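Visitor: Copying in the features that TrEMBL gives for the protein in this structure:
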type	residues	note
ACT_SITE	His154	active site, proton donor/acceptor
ACT_SITE	Lys158	active site, proton donor
BINDING	Gly29, Ala30, Arg31, Gly32, Arg33, Met34, Asp56, Gly97, Thr98, Thr99, Ala124, Pro125, Asn126, Phe127	NAD(+) binding site
BINDING	His155, Gly164, Thr165	(S)-2,3,4,5-tetrahydrodipicolinate binding site
DOMAIN	24-127	domain 'Dihydrodipicolinate reductase N-terminal'
DOMAIN	130-265	domain 'Dihydrodipicolinate reductase C-terminal'
Amino acid sequence: MTTSTSTTDQQDPTPTVPEVPLLNVGVLGARGRMGTEVVKAVNAADDLELVAMVDDGDWLFDVANAGAQVVVDFTRPDVVMDNIRFCIDNNIHCVVGTTGFDEAKLATIAEWLEPKPDIGVVIAPNFGIGAVLLMKFAQEAARFFPSVEVVELHHPNKVDAPSGTAVRTARLVAAARRAAGLPASPDATTDSLPGARGADVEGVAVHAVRLTGLVAHQEVLMGAAGETLTIRHDSFDRASFMPGVLLAVREIGRHPGLTVGIESFLGL
Ligand SMILES: NC(=O)C1=CN([C@@H]2O[C@H](COP(=O)(O)OP(=O)(O)OC[C@H]3O[C@@H](n4cnc5c(N)ncnc54)[C@H](OP(=O)(O)O)[C@@H]3O)[C@@H](O)[C@H]2O)C=CC1
Ligand SMILES: O=C(O)C1=N[C@H](C(=O)O)C[C@H](O)C1
């Protein structure tokens, strides 16, 4: 049997899905080790549009002129504050992976955000999901062990030592120890060669290894009578940071103000 329907009666049976506008993303430090990977990840995402790539010597206004709604910053500790200031002033959300933040710098950013209640800035020392979990697990375990040390291992071109992740891990562990009423770690801090016992971050020794062949790795070692616990994370490829970066890019517009770490975006 054949049926005929006039063209005017014909209706498209597929329900119309309203088009979701793409999110415009600018990348600062776009040609660096991390920036290159971010550019690839943004270009591969259906919901994101790469609108600006800025490096040292480029004009920062490019990101604003290009209509960036979110900027991802993987630059250098000595320039990142200026970049954040510019973005906040220009109503652009910031996803920051660059390291080197202390409490004073975080407080300054929070102050800059006060007159901009709709703008979000996330500062994350590590976007690797495994690294975020390592920090969480170390925090959980801290109260059970009198001894704790952090060893971070990185590629030889890393600009800072110790790593931002190691410093944050040590601070989180130290806070968990204080909250549990643990005394100072019983381990000797004396060194016959300066530096042999690492850096002291709130009472936690942090050691930094730099070695060709490595990317980004960290161990938290905890010890009690007759036992040790080692929590280790390895980033073998910078692709490991991209799910966390893209999550932050998509979430930051819904999280005005200052967020430190991506834990809350992961529901942790
Ligand atoms: N949070 C995380 O998960 C991770 C954080 N990091 C951190 O990210 C930062 C960058 O690391 P990495 O990519 O290895 O470093 P690179 O040195 O490879 O890249 C830095 C880039 O920033 C550019 N740059 C320098 N100054 C400016 C400026 N004023 N404006 C715009 N761009 C600028 C550099 O350009 P040029 O070369 O022309 O100077 C370069 O392209 C470090 O702090 C590192 O610790 C790294 C990995 C993961
Ligand atoms: O410079 C790097 O490479 C890394 N930097 C971050 C840090 O300092 O913690 C994150 C990761 O360790 C890689």
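Yeah, the Cβs are placed from backbone N, Cα and C, and that goes for glycine too.
The model shown is predicted, which means the values in this text are computed figures rather than measured ones.
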Visitor: Using CB under 6 Å from any atom of ligand 2, narrow the recorded positions Gly29, Asn126, Lys158, Gly164, Thr165 to the ones that qualify.
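Guide: If the test is a Cβ under 6 Å from any atom of ligand 2, the answer is Asn126, Lys158, Gly164, Thr165.
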Visitor: If you check the recorded positions Asn126, His154, His155, Thr165 one by one, which have a CB less than 6 Å away from any atom of ligand 1?
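Guide: Among Asn126, His154, His155, Thr165, near ligand 1: Asn126.
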Visitor: Using a 10 Å cut-off on CB atoms, tell me which of the binding-site residues Gly29, Gly164 is the least crowded.
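Guide: Gly164, out of the binding-site residues Gly29, Gly164, has the fewest neighbouring Cβ atoms within 10 Å.
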Visitor: Can you give me the same-chain residues 6 or more apart in sequence from the residue listed as 'active site, proton donor' with a CB-CB distance under 8 Å?
Guide: Arg210
Visitor: With the cut-off set at 10 Å between Cβ atoms, which of these recorded positions ends up with the most neighbours? Options: Ala124, His154.
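Guide: Checking each of Ala124, His154, the winner is Ala124.
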Visitor: Work out how many Å separate Asn126 (NAD(+) binding site) and His155 ((S)-2,3,4,5-tetrahydrodipicolinate binding site) at their Cα atoms, rounded off.
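Guide: Checking the Cα atoms of Asn126 (NAD(+) binding site) and His155 ((S)-2,3,4,5-tetrahydrodipicolinate binding site) gives a distance of 15 Å.
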Visitor: Name the one residue among His154, His155, Thr165 whose Cα is closest in three-dimensional space to that of Ala124 (NAD(+) binding site); these are the recorded positions.
Guide: Thr165
